[in-house]
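Novice: Below is a structure I'd like to ask you about.
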Amino acid sequence: MDGGGSGAAPNAGRTPEEVFRDYRARRAGMIKALTTDVDKFFKLCDPEKENLCLYGYPNETWEVTLPAEEVPPEIPEPALGINFARDGMNEKDWLALVAVHSDSWLLSVAFYFGARFGFDKEARRRLFSMINNMPTIFEVVTGSAKKQTKEKTPNSSSKSNKPSSKVQSRAESRSKAKVPKDDEESGDDDGDEEAEEHDNTLCGTCGTNDGKDQFWICCDNCEKWYHGKCVKITPARAEHIKQYKCPDCTNKRARA
């Protein structure tokens with residue numbers, strides 16, 4: 001299970017877990033191309049060039065290059081010519097389209113190896129189950145993937161009142177609002193007051209509370225909420241941010 005443009009000779013004893021590790025690594029590389037490295041990826045997909053493909057590799061890297069020359073290729077090939085539609089579509093829609101084709105390619109590669117390694121029904125079921133438990137590339141790129149709940153550790157209790165998800169809409173985040181300690185046991189009225197408090201929450205950048213069902217992000221430093229569009233953070237990028245600091249907190253740290 002080597003590079004995207006070449007396959008691997010089937011070896012006895014290969015397991016669904018090994019194929020899944022290959023799938024997961026290739027997926028990570030392609031997600032990088034479509035999120036954190038999106039500017040570089042966009043430039044490489046020049047419509048004036050020949051049929052280009054997006055490959056993900058087992059070392060979690062990616063590459064935009066021409067398809068393999070072998071006919072038939074050693075492993076399934078990605079979608080040809082992703083570059084041709086680049087300037088004819090909205091960038092977000094184009095990235096989503098590439099993501100869909102990338103998901104299809106990853107599945108075809110994984111089950112190609114499964115066939116080569118002679119997986120039986122149970123092994124194929126295990127492989128698909130592991131794959132299906134992860135968000136698709138399309139879900140990550142478009143922001144529709146649900147934020148996976150982080151495992152709570154004994155040392156994390158001090159942060160239990162802080163909103164834990166950076167990829168929630170305002171409607172979802174209302175239940176995550178901080179409750180004053182004096183009011184924590186005051187009864188059912190707290191829920192209504194909490195919802196009202198979040199209804200009045202203002203974006204730290206534009207100062208409005210418009211777009212309650214849109215993507216918002218909370219600063220881990222000052223705990224202010226911001227429209228994602230106001231601080232130029234997309235849901236896909238938020239997936240890869242461990243500690244988000246708003247522009248004000250970032251600038252304060254730089255001045256210090």
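Cβ atoms are placed via backbone N, Cα and C, with glycine included.
Sharing the record's features from TrEMBL:
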COMPBIAS  154-166  compositional bias 'Low complexity'
COMPBIAS  169-181  compositional bias 'Basic and acidic residues'
COMPBIAS  182-197  compositional bias 'Acidic residues'
DOMAIN    200-252  domain 'PHD-type'
REGION    142-199  region 'Disordered'
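A description of the local structural setting of each listed feature is requested, covering burial, neighbours and distances.
Specialist: Per-residue pLDDT, averaged across the domain 'PHD-type' (200-252), gives 82.
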Novice: Where DSSP helix means H, G or I and strand means E or B, what are the helix, strand and coil counts for the domain 'PHD-type' (200-252)?
Specialist: 10 helix, 7 strand, 36 coil
